Amino acid sequence: MILTVDVGNTRIKAAVFEGSSVLEYFVFEKNELEKRIEKILEKFPNCSDLVVASVGDVEKQSFLSFEKQLNVHFFTHEDIFPFHNKYATPKTLGIDRMILAAGATLQFPKQNRLVIDAGTCITYDFIDENDNYLGGAISPGLRLRYETLHNYTARLPLLTLDQPHSYIGDSTAQAIHSGVVNGFVYEIDGFIDEYRSNFSNFIIILTGGDAEFLAKRLKNTIFANSNFLLESLSQTYQYKIDND
């Protein structure tokens, strides 16, 4: 069994895998890390490996405390990945983005793939049908857009995510919701349209904390999976074992 962990900017997601099957997903706060990992291991005592995407120094020490029980692996740029990294600055490419690209390469072979991760930031990562990682884009996520409007203006309120009533906002709150949510959706659809106009045999994978909210609002056909990173971690780790 493998325990995969995704340390996000706000929360931690985890999953236990046996082979290619997921047994259970978990979500918890960063300050609960060690306690919750201990609980997971009590429930799944046959876990042999702990695999982590990207992590800060504080969290890393917490994970290392489990080294006596598990094989602990932090993915780095030195690991083997199932794609050719054509990024102009490969060492600056986030490990989480590399894991997503690896998962897309392994799950959807011989296709052009665009992975969209809608979290604190939204990232776009493109892997062509020849398994070349070419790059993508980064822009603010939904929450960051709400916070930016509040923090960098004198009077605009800080709102939480909500579906706008219309694209024409008839109040300040509705105008903000329309600008943030509709603008976000138009951005994603615009990127997808641009890729579609240049590449055929194409699949779009949408993941991240806001994936479910966005999936039903996009005009393009997508494969939505909010746990794609955790699944990709398990698959990429198995790929590493098989190819080391």
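Note that Cβ sites are derived from N, Cα and C of the backbone, with glycine treated the same way.
Marked as active site, proton acceptor by Swiss-Prot: ASP96. Per Swiss-Prot, the feature ATP binding site maps to ASP6, VAL7, GLY8, ASN9, THR10, ARG11, ILE12, LYS13, THR120. Residues or ranges marked as substrate binding site in Swiss-Prot: TYR87, GLY94, ILE95, ASP96, ARG97, THR172. Residues annotated as K(+) binding site in Swiss-Prot: ASP117.
The DSSP secondary structure for GLY8 (ATP binding site) is coil. The binding-site residues in question are THR10, THR120, and the one with the fewest Cβ neighbours inside 10 Å is THR10. Those same-chain residues not listed among ASP6, VAL7, GLY8, ASN9, THR10, ARG11, ILE12, LYS13, THR120 yet with C-beta within 8 angstroms of the centroid of the ATP site C-beta atoms are LYS30, GLY119, GLY209. Taking Cα separation as the measure, the residue listed as 'active site, proton acceptor' is nearest to GLY8 of the binding-site residues GLY8, ILE12, TYR87, THR120. According to DSSP, GLY94 (substrate binding site) sits in a coil region rather than a helix or strand.
Note: the CA-CA distance between THR120 (ATP binding site) and ILE95 (substrate binding site) rounds to 16 Å.
GLY94 (substrate binding site) has a Cβ environment of 15 other Cβ atoms inside 10 Å. Taking the Cβ of ILE12 (ATP binding site) as reference, residues of its chain lying under 8 Å away and at least six apart in sequence are, in sequence order, VAL5, ASP6, VAL27, PHE28, GLU29, LYS30, GLU32, LEU33, ARG36. For THR172 (substrate binding site), other Cβ atoms within 10 Å of its Cβ number 12.
Comparing Cα positions, THR10 (ATP binding site) lies closest to ARG97 out of the binding-site residues TYR87, ARG97, THR172. Sequence-distant neighbours of TYR87 (substrate binding site) (same chain, six or more apart, CB under 8 Å from its CB) are LEU93, TYR133, LEU134, GLY135, listed in sequence order. In this structure, THR172 (substrate binding site) is part of a helix by DSSP. When every Cα pair among TYR87, GLY94, ILE95, ASP96, ARG97, THR172 is compared, the largest distance found for this substrate site is 41 Å. A straight line from the CA of THR172 (substrate binding site) to the CA of GLY8 (ATP binding site) spans 31 Å.
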